[in-house]
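Some features that Swiss-Prot has for this protein:
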BINDING   76, 97, 125, 126  S-adenosyl-L-methionine binding site
């Protein structure tokens, strides 16, 4: 329940807490059709390598052992498609996203890849998932949790829907930790990325928000503490590309 006057950040702006989700939805409605292309352009294709590390860490069964993945904020299906290709006959993924435009792109791509029998798409909110307790073997969220207004609620929901012995994986932008790289990274982020967004999608403002939202996301050790508060054990993280991204991991034991 939102308290009157309660605020949160939308990029560098303070906004009423109950308005952030609408603002985030507007961002992804605007960019859905070019979202994956923009990921390639913004990261120089590196996001593919980061996601491959996530799937390798997930390590889904390659035989017919049943394995249910919940891919939250999975929109266009990229993580689920990668997981499906790395899995055996028992794999099934549910992509849960609050944005209908992103989901529609994902459904179309699942059909194109002949993966619509292994990956389904449902509209839902990370803060109040519609799934039963202890119903999934793994939970993934890639470059999505920083857009959730109440991250603590999303983490508690992730814990709730996971079976005991199952893993939570979160791939998210982080804090550059290589001397000299941070200034170049800031220049690219604040000057180049919004301009790429303007040229490719006609929307520089959405990418300005995305850059700002990265800077507002908690440091890895703070996010690990939030995971522990939600109940996760063995919370840790793996930094990649000089700190540009981190893969966060935790277990429901």
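Note: Cβ is positioned from N, Cα and C throughout, glycine not excepted.
Shown on the structure are the features that Swiss-Prot records.
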{"residue": "76", "record": "S-adenosyl-L-methionine binding site", "Cβ within 10 Å": "27"}
{"residue": "97", "record": "S-adenosyl-L-methionine binding site", "Cβ within 10 Å": "24"}
{"residue": "125", "record": "S-adenosyl-L-methionine binding site", "Cβ within 10 Å": "17"}
{"residue": "126", "record": "S-adenosyl-L-methionine binding site", "Cβ within 10 Å": "24"}
